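Report on one structure; see the data block that follows.
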Amino acid sequence: MKVEKSHTHSHNMNDFSGYLFATVVIWLVLSRQASAQETAQVSFIFQEEQSAGTFVGNVALASKLTDKVTQDVFSKLDFTISTNNYFVISPRNGSMTSKTEIDRESECPDKEVCILSADITVYQIDNAGQVNLYMFIKVNVTIEDINDNAPRFAPNMISLDTPEGNVIGDVLYIQPANDPDYGKNSVAQYSFQDPSNTFELIPKDSSGLPFLSLVMKKVLDRETRDFYQVTVIATDGGFPRRTGSVVINITVTDINDNAPEFVQSSYNESVLESIKPNVPIMKVSATDKDIGKNADITYQFSSRVSDKVRNTFYIDQKTGEIFAKTTIDYETDKQFQITVEAVDNGATQLTARTSVTLNVVDVNDNAPEINVNMPATGADILESVPVGTFISYISVNDKDSGENGVVVCDMNDDHFSLDKLDFTRYKVTLAQPLDYEVKHSYTVTIICRDGGQPTMSSSAVFVVNVVDVNDNRPIFTEATYFGNVMENQRVAVPILTVTAHDFDSGEYGRVTYTIEDAYSRVFSMDPNSGQLLLIDQLDREKTPRFEFYVIARDNGPGRLSSSAIIIIVVNDEDDNPPTFLSPIYFGYVLENQPAGTVVGNATAVDIDTPENSLMSYSFLPFGDDYQSFSINPSNGIIRTKEVFDREVKFQYQMVIRVTDTRKPEFSSTCNFTVIILDDNDHSPVIQMSSEENTTFVIQYNSSVGTIITTILATDGDDPNSQNSQIQYYIELGDPDHLFNLNSFTGTLTLERIIRAQDIKSYHLVIKAQDNGDPPRVDTRQIIISINGTFPPTAEAGLTTNILIVVILVGVTVVLGVAIGVAICLVRKIDRERRRNLEAQKNTEDKMYQVKEQDVYKNIGVDGEIEDSNSNNLSKRNNKKEVSFSIEEETDSHNTSTGSSHPLTSFKGGTDRSQTHSTNRPANSSNKLVTNGGMNIPVSQCCHSNQEKQINLKRTPQDEEIRLMELLKRNGEDALSESSGNSDPSDSGRGGSEDDSSHRGSGLDPARAKLLAPGNYKNHAVVARQGDL
């Protein structure tokens, strides 16, 4: 509806009231018109996780809009979709495709049915170019769930603790698995793996809580087994089935259910009456099968033990060792009976008891006497003396006689050896090397025992002093010392101190420090304290790190030394400005890209450390070009702020400055040029200004190659790019291949000689297509009329008829004779075979029947015939058969004007009908595979299993072609001069190609229905010749 608005420059109140009234009237009219429009609602089903651009449905077909309007009206309709994140619609044909990959679990969490809606508005453009609202279409798309999520436990490993001594039927709870899918694709069942058969999985808790229950089937005993590992597996009900599992580690904790147990039920030991106090006599030991505090054992005397025993002995509560408190007298007490208890430290203490019998043993009265004689040099021994060096002389004497006077001596130190000289004399020698740094002196104990019962012993002690020698190098406390110093720092600044130790004594252990001479101009080392000083200013950018050796030497003979590494890291000072790597940078962006598209970046570097090299990027306000872009101040990435049109401006220049954020006075600049790249955003435009320029007349006697016209199209894209390179094609209207259109020059010429049946008007649809990706096209219709008639010649016609009669008679005679001879030969052969091979014939007939069935079974999904004996089968199949296949009409460019029948191919019999296709690129994806007398389309083999997938992969262009065919059936065919004549008549020149395509098959209505133009599925029909 077009409304004229009048404007005035009057500022009085009356004019304002008039304007307000006109606005209200316009709004009411538009509201009534919008409310009067037709509203439709359609529904589609769409499977989740499909890639963007997948076909959803055609709202024009689903709403039956195509049944209500003609092709001319439909071509002036425009489809728009309300803003949404899921779908887009073709404005020309109403085909909806997915805008992005849709995840049902994200869009409709916890919903049984997931429906995404979109509002479609249909506008009609009238002849004046005015846009009017035509109708509303409400689209509801049900998103079908697929099994794209596996059940999942969180976490995938669980650790549980449970005490031993449980009751059968006790329950451990775990969280169930989660599967975001819905319905049968969600968790369907749980399975359980328990090698010990100790637990049982109950998928649902009786209390209704959302937990899985592990029920104990046995009583747990930690002392028997303290760990179990089971696995719970969740399986969903989708296809293919998906699973998830969780490993459950069950640790059995201890309770105090075991009392201590003594290693022996009773002990019987002997003790000398001469035993010293606090010397261990014996040890009792107990164990506890529990763990932790429950197995922590304390030893004690029983409360029933007498006071005399308690005053004579005591027991170590931790070790169980029994000691004497005082001396023991054999003449007073020959035996002691002691009850010892072992008590654990559980919450409820458990106790074990054992009996200990101590028998007192009598000893002799005199102990051996020992004399130690040292050499004149004394007991001072150099640590460097060799093994075997003499240390001292030992003599021993026992006043007792007999066995009680036989003395045997021993030593308690492995560094020395006691060598027996005779029955009463020994010498002490060095058995192991000495080390002053390990031990300065050794206290040596000589123990001598006699042979009495009980044995008496005595001991002697002497001290060996070790004298130091310079045998140790200084050792640094660290292998590597680390220090830090600021660049440009003043000199004489202490950096670090090194320390080395020498285990030698005196001057042998005094250490002096030095550093490598190569670094002495930068650093100085105090030789006594080990302090390192800075004596020269440093530049981190030249030398960020120093690494050198420090040597420590002692002051003993030979000046033993060692070394360590000193690493000095020079800390950075912000003393360098940021600089660009190049003075000029270039960035590129495709036109029509949305704002925010990355163009490029200008990279600057600051040789200072990262904390001192923080930079900020910005545009300098030179010119206006920089206002169309934004720059990230932290990384220099440049993005667009608007949508660019290369045809308006293709180059932008800016100046970028980078600044040190800590020191703004440190900065540098560079030039940045943005080149706008061409996008295929202009369609070719065929240059035809009026209807007179679209109608052309040629004479019937025009020669081949006659130029009819030249098609010229222009393209507004970059003339140097493929986007503006145009090619020309005949889209429709030339089923007989009468014309040729040069795809590069656009010159339309006569392809062949004009025949009598060619004299008519041709409505050619010319297409101009650029080479962009995707390509853009423009189409125009031109009319070519062929004028003139062929004058009939009676004499020539009569001569031709006589010649045809003569030829037919001759051919008939020859064929009759040949057929007669053939029949005689066949009958003769048949008689001989019936007499000699009757039995063999029956067997071969059966084999033939089996092979005939195998032919139909062995056609694979890829269209190949798997029967290896197909050649033999075709030789024996003497029955005349005819096969034909109807291929789906996948591209309207392969269909002749005036006929929408699919192509039909015949093989076998005597049918000589042929099919012709236009000189266009063929897009048909169906092909025939041949076995014997059959032609079978490849797509037939797997159509039923993949029909749904094929429908989903149909592109919007396929839908547009299909829609245009439907509209042709509803509207009048304005392009055909003979469309009004439905009764095929004889023109005197024989039947036309359309007529033969309608009447040449001779099929009954049932078979003819298979050849209907609207049938989009592939069919293969095999019939015997007699059935046609």
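Any Cβ shown, glycine's included, is placed from N, Cα and C.
The following features are taken from TrEMBL:
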SIGNAL    1-36  signal peptide
DOMAIN    38-153  domain 'Cadherin'
DOMAIN    154-262  domain 'Cadherin'
DOMAIN    263-370  domain 'Cadherin'
DOMAIN    373-476  domain 'Cadherin'
DOMAIN    477-580  domain 'Cadherin'
DOMAIN    581-686  domain 'Cadherin'
DOMAIN    690-794  domain 'Cadherin'
TRANSMEM  802-826  transmembrane segment
REGION    861-939  region 'Disordered'
COMPBIAS  893-903  compositional bias 'Polar residues'
COMPBIAS  915-939  compositional bias 'Polar residues'
REGION    970-1028  region 'Disordered'
COMPBIAS  976-987  compositional bias 'Low complexity'
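When the domain 'Cadherin' (581-686) is classified with DSSP, helix, strand and coil residues number 7 helix, 49 strand, 50 coil. Confidence annotation: the domain 'Cadherin' (263-370) carries a mean pLDDT of 89 in the model. Shown for the domain 'Cadherin' (263-370): DSSP residue counts in helix, strand and coil, namely 10 helix, 46 strand, 52 coil. DSSP states for the domain 'Cadherin' (477-580), grouped as helix (H, G, I), strand (E, B) and coil, give 7 helix, 49 strand, 48 coil.
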